[in-house]
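Peer 1: Just dropping this structure here.
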Amino acid sequence: MGNRGMEELIPLVNKLQDAFSSIGQSCHLDLPQIAVVGGQSAGKSSVLENFVGRDFLPRGSGIVTRRPLILQLIFSKTEYAEFLHCKSKKFTDFDEVRQEIEAETDRVTGTNKGISPVPINLRVYSPHVLNLTLIDLPGITKVPVGDQPPDIEYQIKDMILQFISRESSLILAVTPANMDLANSDALKLAKEVDPQGLRTIGVITKLDLMDEGTDARDVLENKLLPLRRGYIGVVNRSQKDIEGKKDIRAALAAERKFFLSHPAYRHMADRMGTPHLQKTLNQQLTNHIRESLPTLRSKLQSQLLSLEKEVEEYKNFRPDDPTRKTKALLQMVQQFGVDFEKRIEGSGDQVDTLELSGGARINRIFHERFPFELVKMEFDEKDLRREISYAIKNIHGVRTGLFTPDLAFEAIVKKQVVKLKEPCLKCVDLVIQELISTVRQCTSKLSSYPRLREETERIVTTYIREREGRTKDQILLLIDIEQSYINTNHEDFIGFANAQQRSTQLNKKRAIPNQGEILVIRRGWLTINNISLMKGGSKEYWFVLTAESLSWYKDEEEKEKKYMLPLDNLKIRDVEKGFMSNKHVFAIFNTEQRNVYKDLRQIELACDSQEDVDSWKASFLRAGVYPEKDQAENEDGAQENTFSMDPQLERQVETIRNLVDSYVAIINKSIRDLMPKTIMHLMINNTKAFIHHELLAYLYSSADQSSLMEESAEQAQRRDDMLRMYHALKEALNIIGDISTSTVSTPVPPPVDDTWLQNTSGHSPTPQRRPVSSVHPPGRPPAVRGPTPGPPLIPMPVGATSSFSAPPIPSRPGPQSVFANNDPFSAPPQIPSRPARIPPGIPPGVPSRRAPAAPSRPTIIRPAEPSLLD
């Protein structure tokens with residue numbers, strides 16, 4: 001039953017189909033199969049039933065096959081069938097198989113003659129079949145009948161093309177012998193997707209139903225309308241035989257008897273019939289599978305590689321292991337601690353390139369957000385001067401002071417130090433938010449165990465909240481310490497002598513390091529948001545902020561400068577985000593009501609995120625550009641002018657202002673240094689230590705271990721699906737690896753002239769039927785066949801004798817010396833030697849003397865006569 005290599009390769013494909021159909025991956029593997037294509041009533045169903053040896057396909061009028069049927073024939077000692085959608089049930093009665101096919105078709109398509117591309121998978125085990133995999137497709141029809149949809153022709157054509165377009169599918173084009181072959185829809189569709197003819201095998205049915213006196217010998221010998229892989233003829237049961245319950249095995253025996261006894265076919269009887277078709281398909285499928293295996297292996301390996309990382313944590317899963325939950329708990333807690341530390345401390349392993357980690361965000365809070373909050377307190381110049389003047393007046397009381405009181409300095413400094421509490425506590429809150437967010441990100445890997453994840457988040461968050469109180473207490477203590485003693489002997493403090501000589505302008509710029517040099521504070525892309533559409537609309541530029549100016553360029557190469565804006569008298573204000581905009585905007589304006597850029601009183605700069613806006617604001621503060629003051633605080637402006645009338649008071653205010661500015665800068669520097677250290681020590685490092693050393697004990701004491709490690713139903717299903725897919729891929733690769741390299745492939749037939757298929761609306765050069773008559777047309781020897789008007793082909797001699805080694809005579813249609821006294825009845829019909837009837841050397845341009853109405857030479861056959869070629 002077929003060659004040995006075939007028996008190994010086809011079960012391989014069947015195993016692969018089952019493995020991947022169960023996990024929904026079959027459509028991606030492009031497995032080698034044979035698609036059966038044919039028109040309605042072409043004998044397609046009979047061909048399939050002859051393979052199985054049983055009646056199992058639905059029959060009826062109109063369109064019966066409305067879903068593709070993937071039919072896997074498997075050689076087995078017992079005979080039964082099973083469907084993939086009800087795999088546990090074995091069908092031994094093939095009438096039930098037919099009923100199940102009809103029922104499964106109706107479940108998807110309904111009963112209204114609709115069609116569906118979703119296949120039905122049927123496996124038939126039988127001792128009477130060879131190992132084959134076929135797809136039965138709906139019959140080609142053109143005119144809708146009854147309740148069929150108007151576009152039924154296009155629906156069926158699209159479905160057929162979907163299956164036969166795949167390069168890994170062989171096409172079995174079924175055409176009845178009593179139909180003009182050039183009008184075969186099956187061959188036309190095959191030609192569309194397989195123009196080289198490498199995947200198409202022709203099957204001619206209903207040979208026994210041809211008109212009396214005609215045959216399809218020229219077609220079956222691949223001389224008339226040739227295909228690269230040729231044609232195979234079969235004889236199926238008639239409708240009368242089916243209704244009469246004629247046994248298929250008896251039909252196969254009758255088929256063999258037909259070919260052996262028919263004078264036009266018995267010389268090639270060993271190459272005709274259903275058994276030979278089975279063997280031929282096995283050989284072709286063997287070649288096709290061997291060619292597809294490298295690509296198939298590559299696809300499987302790529303899918304396996306993509307699953308490797310996801311399956312890694314499931315590989316050693318043992319549900320029956322009593323220590324499994326304990327091991328899993330220890331592993332999860334340990335992994336959680338490692339992930340938390342990596343996100344906080346940073347790591348070169350598996351770096352996230354899409355967003356900032358928790359540690360990077362905390363770093364921005366320490367060195368951008370917190371300094372920004374501190375600097376915001378320094379810009380309220382008028383309020384500070386008013387407070388200093390009030391302090392000096394109140395200290396002097398009714399007396400007129402001659403000297404600047406140092407008590408006013410201490411009072412103002414202590415008041416400024418108290419203001420540090422709010423930004424410091426806000427910094428702690430921001431860090432806590434990032435820590436809790438980091439904890440939630442790390443526990444996402446515990447989603448397999450919902451209770452464990454919930455408990456871990458609760459315990460760690462509770463601990464962070466406990467550390468929050470201690471951290472805030474320590475920070476408030478630091479501020480109280482700064483407030484308790486004003487150290488005027490600090491090395492960085494300017495003292496009274498220097499303070500009297502400082503001006504406000506110099507004081508503003510002393511916070512900028514290396515003020516004699518041009519220091520670049522920040523570079524980056526910003527969008528100028530308020531340029532009118534008439535002038536080109538919003539544009540993105542490369543901005544460079546220095547200690548003295550803000551410049552923008554066309555690109556980051558900084559070659560083409562667009563503008564340079566000095567920072568004098570500039571301030572920052574917030575701009576409300578637009579309704580349809582996803583940009584975050586802030587504005588720069590001049591306090592003296594001058595245009596900042598061209599005719600713009602302010603330029604609106606847009607960033608992609610609020611974090612970028614805060615970062616740019618902090619950079620502008622370093623350059624001495626402060627945020628705009630609220631208008632509500634200017635209500636006491638009239639009183640401010642009262643103190644400006646006294647020159648002595650003005651000098652005293654200026655002196656204390658410089659002293660306060662110097663000392664507050666010292667405190668800010670100290671706080672900026674101590675805040676990150678305090679938070680790291682009391683909160684972040686303690687949290688890391690708690691996770692590593694105490695979290696496991698808290699988990700054990702909080703709940704039962706079994707309840708903690710209870711898997712979610714979704715995760716269990718996901719794990720099972722992934723493991724099943726992973727093992728199916730590995731099994732498929734192992735099966736492919738076991739294929740013997742000694743399997744021999746059959747060479748591909750040489751190409752033929754199949755241009756007759758190009759004209760889809762025309763007819764064949766000559767009809768495929770060859771009449772057999774007792775009357776000889778005039779002008780030709782009766783038993784000699786001339787070349788057909790089709791493509792001139794060299795015949796394939798089957799059983800030809802050596803008596804035809806002499807060269808032919810070009811002027812004659814055939815060798816005349818083979819006849820005795822020109823008597824065509826002097827030989828019995830030894831048909832196997834008849835292919836030599838066409839002289840191989842006749843030039844293609846010699847016209848045939850055949851009458852136009854006769855497609856081939858008539859021949860009278862009498863079995864009792866001696867051989868014509870004796």
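Just so it is clear, glycine is given a Cβ too, placed from its N, Cα and C backbone atoms.
The shown structure was predicted, so the numbers you read here are calculated from the model rather than taken from an experiment.
The domain 'Dynamin-type G' annotation in Swiss-Prot covers 28-294. The feature region 'G1 motif' is assigned by Swiss-Prot to 38-45, with sequence analysis given as support. According to Swiss-Prot, the region 'G3 motif' annotation covers 136-139, on the basis of sequence analysis. Marked as region 'G4 motif' by Swiss-Prot on the basis of sequence analysis: 205-208. Sequence annotations record features per position, and here Swiss-Prot assigns region 'G5 motif' to 235-238 based on sequence analysis. Per Swiss-Prot, domain 'PH' is recorded for 519-625. Per Swiss-Prot, the feature region 'Disordered' maps to 741-870. Annotated phosphothreonine per Swiss-Prot: T755, in sequence order, evidence recorded as similarity to another entry. Annotated compositional bias 'Polar residues' per Swiss-Prot: 756-767, in sequence order. Annotated phosphoserine per Swiss-Prot: S764, in sequence order, evidence recorded as similarity to another entry. Sequence annotations record features per position, and here Swiss-Prot assigns compositional bias 'Pro residues' to 826-846. What Swiss-Prot records for 847-864 is compositional bias 'Low complexity'.
In the displayed structure, how are the listed features positioned relative to their neighbours?
Peer 2: Within the same chain, residues 57, 59, 62-63, 65, 136, 139-141, 173-176, 179, 184-186, 205-206, 234, 236 sit at least 6 positions outside the region 'G1 motif' (38-45) and bring their C-beta atoms closer than 8 Å to a C-beta of that stretch.
Non-local neighbours of the region 'G3 motif' (136-139) in the same chain are 35-42, 44-45, 48, 57, 63-69, 71, 115, 156, 159-160, 163-164; each lies 6+ residues outside the stretch with a CB under 8 Å from one of its CB atoms.
Per-residue confidence over the region 'G4 motif' (205-208) averages 88 (mean pLDDT, predicted model).
For the region 'G5 motif' (235-238), the DSSP counts in helix, strand and coil order read 0 helix, 0 strand, 4 coil.
Secondary structure of the domain 'PH' (519-625) per DSSP (helix as H, G, I; strand as E, B; remaining residues coil): 16 helix, 48 strand, 43 coil.
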Peer 1: What are the helix, strand and coil residue counts for the region 'G4 motif' (205-208) according to DSSP?
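Peer 2: For that range the per-state counts are 2 helix, 1 strand, 1 coil.
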Peer 1: Quick check on the region 'G1 motif' (38-45): DSSP residue counts for helix, strand, coil, in that order please.
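Peer 2: With helix first, then strand, then coil, the region 'G1 motif' (38-45) has 2 helix, 2 strand, 4 coil.
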Peer 1: By the DSSP assignment reduced to helix, strand and coil, which category contains T755 (phosphothreonine)?
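Peer 2: The three-state answer is helix.
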Peer 1: Within 10 Å of the Cβ of T755 (phosphothreonine), how many other Cβ atoms can be counted across all chains shown?
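Peer 2: Other Cβ atoms within 10 Å of T755 (phosphothreonine): 8.
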Peer 1: Using DSSP, break the region 'G3 motif' (136-139) down into helix, strand and coil residues and give each count.
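Peer 2: Going through the region 'G3 motif' (136-139) residue by residue, I get 0 helix, 1 strand, 3 coil.
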